[in-house]
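What follows is a set of notes on a single structure, which appears directly below.
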Amino acid sequence: MTALSSQFPIIVAIVPLLAAPICALFRGTTLPWAITTIISGITFYVSIQLMIAVIQGGPISYELGGWAPPWGIEYVVDLLSGFMLILISAISTGVLLFSRESITREVPDHQLGLFFAAYLLALTGMLGICITGDAFNVFVFLEIMSLSSYALIAMGANEDRRALTAAFQYLIIGTVGASFYLIGVGLIYMMTGTLNIADIAARFPEIEGARPILAAAGFIVIGLAIKLALFPFHVWLPNSYTYAPSIITAFFAGTATKVGVYLLIRFIFTVFGVNYSFGGLELTDILLPLAVLGFLSMSVVAIYQTNIKRLLAYSSVAQLGYIILGIALASESGLMATIVHIFNHAIVKSGLFLSVGCMFYVAGSVYLKDLHGIGRRMPVTTFGFVLGGLGLIGVPLTPGFISKWYLVVASIEHGGVIGYGLVALLMVSSLLAVIYIWRVVEVAYFRDIPEGAEKKEAPLSMLVPTWLFIAASFYFGIETTFNVGIAKATAAFLMGGS
Amino acid sequence: MMFTLETHVLLSLIIPLLGAIGIALTSSVPNIRETVTLVTSVLLCLNVFSLLPGIMNGAEPAVLLAEIVPDIGLALKVEPLGMTFAAVASSLWIINSIYSIGYMRGNNEPRQTGFYICFAIAIAATMGVAFSGNLLTLFVFYEVLTLSTYPLVTHKKNADALKGGRIYLGILIGTSIGLFLPAIIWTWTLAGTVNFVKGGILEGHASAGVTGVLLFLFMYGIGKAALMPIHRWLPAAMVAPTPVSALLHAVAVVKAGVFAVLKVVIYIFGIDFLTTTGAAEWLTWVAAYTLIAASVVALTKDNLKARLAYSTISQLAYVVLGASMATSMAVAGGALQIVMHAFGKITLFFCAGAIYTAVHKTEISDMRGLGRQMPVTFIAFLIGSLSIIGLPPLGGSWSKFYLMLGAAEADEIYLMIVLLVSSLLNIAYLLPIVARGFFYPPLGQSDEPVPVGYEKSDFSWRNIQEAPLFCVLPPVLTALACVVLFFLADPIVRLIEPILTP
């Protein structure tokens with residue numbers, strides 16, 4: 001490794017962090033946007049380099065400031081965190097490419113510097129959570145991400161003032177979640193005397209019977225469940241996604257909740273270990289019913305939405321149910337399904353929210369009643385939405401199919417009444433997805449175009465990134481070497497590490 | 001031969017897709033656009049038939065397109081049954097393209113470019129189904145076929161189309177995702193493979209009970225085979241323009257369904273395995289019930305396309321029946337039925353569309369005396385009907401013959417009765433249409449009473465007002481093909497014979 005590339009782990013987190021205040025200094029639209037996009041692109045490049053290094057030489061450990069762990073903070077890149085880094089930075093970069101036209105329409109010019117500063121901070125937080133190997137440092141990054149995201153969501157107030165209450169609601173609930181997490185980490189620190197995740201994991205078997213550890217595990221799991229919007233802790237999510245600016249919704253839908261899932265996987269499989277999580281804690285009994293209730297009830301709720309962003313938000317909560325189900329099944333194939341679906345859903349959902357962003361740009365509304373005949377007004381955008389919707393349903397050749405395949409395989413392997421019951425419920429849930437996507441399709445293609453509505457497409461600078469996501473989703477639905485291959489290796493690594 | 005067999009297999013998918021792109025590019029010049037469709041269909045047909053000699057010599061060209069799931073690729077592999085299906089679909093696409101041009105222009109239908117594009121994609125999907133090398137590939141193209149035909153079914157974009165489209169998509173996607181997909185994944189976890197292998201892959205991996213459940217999932221998961229009670233999508237699909245009903249809902253889509261049924265029975269379960277476990281017995285009776293019940297319903301329908309739709313449901317059940325009896329003769333009958341019924345039924349739909357284009361009539365009761373005005377159409381209709389009923393010298397007689405042989409081989413005397421009754425019902429719902437057309441006076445008129453011995457022909461050249469040539473020529477061609485096929489049954493049986501003998 002050259003001198004620079006040996007510093008890559010810190011570069012991923014520090015570059016967006018340092019760029020954020022610079023961004024805040026600038027006025028105007030182009031410059032902050034360009035800086036943010038370039039910075040995001042850099043993190044994407046560095047993430048790929050890190051992943052290549054991990055695949056070639058195994059996990060990378062980086063000592064922050066030269067202090068060896070457990071005294072100093074350690075940054076760790078392994079398969080799972082490398083995978084998450086690539087996913088987050090890729091989605092962020094794609095969304096930013098889209099953002100210029102969209103955000104200047106939705107957020108006032110004088111706020112744009114601050115907007116992009118907050119965006120960079122949110123990016124820092126997400127990347128930091130994934131790369132750090134220190135449980136307290138996770139909390140720090142979690143707060144960086146959360147605080148900046150409250151601000152970002154509130155910036156939707158220019159279009160709809162309900163964004164303010166949505167942000168406030170998220171602030172309250174998110175803070176509770178973060179505090180729970182902090183309490184849990186505190187208890188663990190009390191019992192083990194270390195905050196380094198690898199250290200905690202190594203000492204965990206000696207103390208796992210202790211009551212404070214049980215409490216810690218409870219606080220951490222619930223805290224993270226709130227952060228990742230697991231049913232029934234999801235109430236903040238639909239509001240935030242609905243009223244946030246379009247690009248923020250697209251960015252968060254692909255990344256924010258996924259970071260929570262990443263942490264949950266990290267704690268359940270690396271820190272607690274499979275034996276304790278599913279033997280001592282019996283997490284399957286807790287997570288499995290919540291996951292199933294989540295994907296069924298939220299899919300039903302999505303059917304009745306009149307606002308497309310809200311519809312997709314509820315669908316996100318449902319999809320998180322699938323993701324958690326994979327964890328709850330506590331098997332290698334289940335975990336693999338989870339990791340694959342984190343990736344697949346992120347791409348599909350971001351693409352969908354971007355196409356809704358295009359519709360909002362032209363039609364000025366995301367309510368179904370205002371989008372009659374949108375399929376004929378904006379054929380390119382709407383067709384992209386339909387293709388993305390097929391991905392949510394899980395039609396073959398889309399990535400959603402791959403995820404569903406592995407989830408069903410994991411359920412059948414689980415066996416018994418529960419396993420086969422799950423297969424049936426998964427299928428029911430996909431059919432519910434058909435219904436909520438087709439409601440939009442029917443409105444888009446079968447209703448008459450309202451009088452005076454102009455027929456025009458969103459600008460190319462928005463269409464191209466949107467279609468980039470849609471095309472990528474089909475690419476990863478057909479050529480699955482990257483997503484499935486890495487998910488498989490990661491799942492084997494995490495289960496084997498127990 | 002210019003290319004290797006493998007290249008030809010790939011080309012079968014690529015040609016219609018390129019055609020779709022060509023149609024999109026030439027959308028502003030309708031004449032060139034239609035030329036693209038015709039050229040594409042001819043190229044595809046030549047391409048498919050260039051595979052035929054190789055397949056007859058026992059070659060099995062295989063192509064791996066991509067690995068979707070590790071160990072299960074998107075794989076194409078040509079075997080005799082798929083070859084037959086592809087040959088039928090691709091040759092009928094040429095005739096149907098001619099007909100589409102006549103029909104769509106004759107009726108001034110809007111959005112024709114989208115129509116031809118979706119049509120080409122649907123044909124590509126059909127080729128994919130025909131040449132699929134494993135269950136996953138079959139499923140992928142099966143779904144592409146459903147989705148690409150949805151815009152065709154809802155072409156009219158009115159309330160009826162919307163409703164029909166909902167039923168169409170709801171049942172087809174519902175059954176395929178709800179039952180077919182779990183069945184595939186279950187098969188994979190049981191057998192460790194989903195490849196189509198001669199003799200089946202489940203033997204030794206599944207108990208009799210599991211086999212029964214799997215068979216149920218497959219048969220009702222393949223909604224396109226229209227077994228009762230999941231047949232409702234087919235009548236619903238009749239809101240589509242007639243060329244769609246003709247090629248897709250009498251040939252490509254429904255045949256993709258029964259073709260999938262045959263593939264699953266032959267290559268996944270294995271004929272012998274099904275016979276020994278007896279798991280398919282219920283299926284025989286469901287198929288027999290569908291066969292009779294759909295014919296009875298057809299009798300009650302006054303709308304011509306609805307009657308033909310129920311007739312199709314009944315005729316599809318013949319194929320499922322052949323598969324479920326699991327004897328080599330019956331399966332051969334099922335395979336022949338795919339070919340013979342395709343030509344017969346497309347003729348009938350062509351005629352229905354020609355009548356609609358010429359006089360805008362859809363109800364059978366309004367078609368009295370129409371044979372005098374449109375004799376060519378009605379004669380073609382008669383030939384198609386006779387082929388479907390199964391009278392020699394028409395192709396349809398062979399499939400019924402082999403099914404009878406199969407029933408005899410399986411010692412199922414009741415099934416022979418079912419087949420006979422069904423043929424009678426076919427006569428009852430098809431022939432009156434022709435008889436009324438020729439022998440009754442047109443609506444609102446009455447023939448003068450003529451004493452016996454002084455009858456004159458009602459026929460006169462002045463009365464003839466056929467639909468445009470492009471609408472009339474196709475049914476004539478397919479009706480002739482029904483006759484020709486009577487003499488071609490032997491080569492077809494020889495083509496599919498290798499898969500029936502272990």
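Positions of Cβ are set from backbone N, Cα and C atoms, glycine also.
The feature transmembrane segment is assigned by TrEMBL to B:38-59, B:80-102, B:114-145, B:166-188, B:208-227, B:247-270, B:282-300, B:312-332, B:338-356, B:376-393, B:413-435, B:469-489. Residues or ranges marked as domain 'NADH:quinone oxidoreductase/Mrp antiporter transmembrane' in TrEMBL: B:132-425.
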Here the stretch out of B:166-188, B:312-332, B:376-393, B:413-435 with the most C-beta pairs under 8 Å to the transmembrane segment (B:114-145) is B:166-188
- [ ] Could you check if the transmembrane segment (B:247-270) is in contact with the transmembrane segment (B:312-332), meaning 3+ Cβ pairs under 8 Å among residue pairs at least 6 apart in sequence?
- [x] yes
Long-range Cβ contacts under 8 Å made by the transmembrane segment (B:312-332), restricted to residues 6 or more beyond its ends, are 219, 225-228, 231, 234, 249-250, 254, 257-258, 261-262, 265-266, 271-272, 274-275, 280-281, 283-284, 286-288, 290-292, 294-295, 298, 338, 341, 345, 388, 399-400, 402-403, 405-407, 409-410, 412, 415, 422, 425-426, 493, 496-497, 500-501
Lying 6 or more residues past either end of the transmembrane segment (B:413-435) yet within Cβ distance under 8 Å of it, the residues of that chain are 284, 288, 291-292, 295-296, 298-299, 304, 307, 311, 314, 321, 325, 348, 364, 367, 371, 378, 381-382, 385, 388-390, 400, 403-404, 407
Contact set of the transmembrane segment (B:282-300) with the rest of its chain, CB cutoff 8 A exclusive, min separation 6+ beyond the ends, reads 212, 215-216, 219, 226-228, 231, 307-308, 310-311, 313-314, 316-318, 320-321, 323-325, 412, 414-415, 418-419, 421-422, 425-426, 428-429
